[in-house]
Amino acid sequence: MSGNTFGKLFTVTTFGESHGLALGCIVDGCPPGIALDEALIQEDLDRRKPGQSRYTTQRREADKVKVLSGVFEGKSTGTPIGMLIENTDQRSKDYGNIKDQFRPAHADYTYFKKYGIRDYRGGGRSSARETAMRVAAGAVAKQVLKTLWGIEIKGYLSQLGPIAIEKVDWEQIHQNPFFCPDADKVPEMEAYMQALNKEGNSVGAKITVIASRMIPGLGEPIFDRLDADLAHALMGINAVKGVEIGAGFDAVAQKGTEHRDEITTEGFLSNHAGGVLGGISTGQDLIAHIALKPTSSLHLPGRSVDIHGNPIEVVTKGRHDPCVGIRATPIAEAMMALVVLDHALRHRGQNGHVETEFTIPG
């Protein structure tokens, strides 16, 4: 009811605030006997953590995860997996000036209206700091998916502000601070971000995330369609304002002869559907894109009101990402992993015995 748990069979409950003592999560429903490498969990957290480049927030958090339960001798036990990350670099004094103010485009006003009280320090529970635990849980899901079904999930930044990539080289993604697969675009992105920092402004981004080696049959029509649950998961990421599956909104301008993914005995000839038909996976790559809005915390003054309704100008202090999309790739990967694993387990439970004569090559 309170919206802090995600999933049906493979569930994740997170807790903690941006400037609290710690962040944590409980992962339940993990199959037993799966080899879980804590180093791989930490690796994904390191990809997301703040303070790694001048283009992201300068808050310095080690984000070292502690696995408290559910793993014994390197394998899942089938019991709840508890994980914890301590907050170590809070600077709550930076937010003293806005404790009675509503920052434009932030969750300050809506949290205040819903709960009648809000933790103004770094946004409290509404901060993207919480996504560290989604990444930790998603890293567990990734390992289960790869072990049981061979499914792999990875993503990249496909657009930074007005700069869109023109090619995808997976080897380049970890060679720059933007998760950008197009090396030719990196210098342009760097120059753009430097100018943006001098201006004191922010910008949005687009992330693409893909599950490869998918299996057909995942998804529970009518109300738990795979693409519907994926859109739900991705829209739940902080700052996300749009989700596309496959061709997405480009489908509006396509003719049916172009958009339909024709089939031969050797497989599908295209993947405009993004790997989902009728809410069920086809076995092709599952492809999604998310649009993230510009960061709302700016050093430039903006008009707002305080909790008494008085007009004010807000200037946000503190350390903030000039583009939240730069660190969003591992978060999007995590949410896709949680959705795919949850549906894979649900499919295995009800339809695991189903066999058909023919499978279209993915």
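Note that Cβ sites are derived from N, Cα and C of the backbone, with glycine treated the same way.
Now, the feature entries from Swiss-Prot:
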- Arg48, Arg54: NADP(+) binding site (BINDING)
- Arg125, Ser126, Ser127, Asn238, Ala239, Gly278, Lys293, Pro294, Thr295, Ser296, Ser297, Arg319: FMN binding site (BINDING)
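Overlay of Swiss-Prot feature records on the structure.
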| residue | record | DSSP class |
| --- | --- | --- |
| Arg48 | NADP(+) binding site | helix |
| Arg125 | FMN binding site | helix |
| Ala239 | FMN binding site | coil |
| Lys293 | FMN binding site | coil |
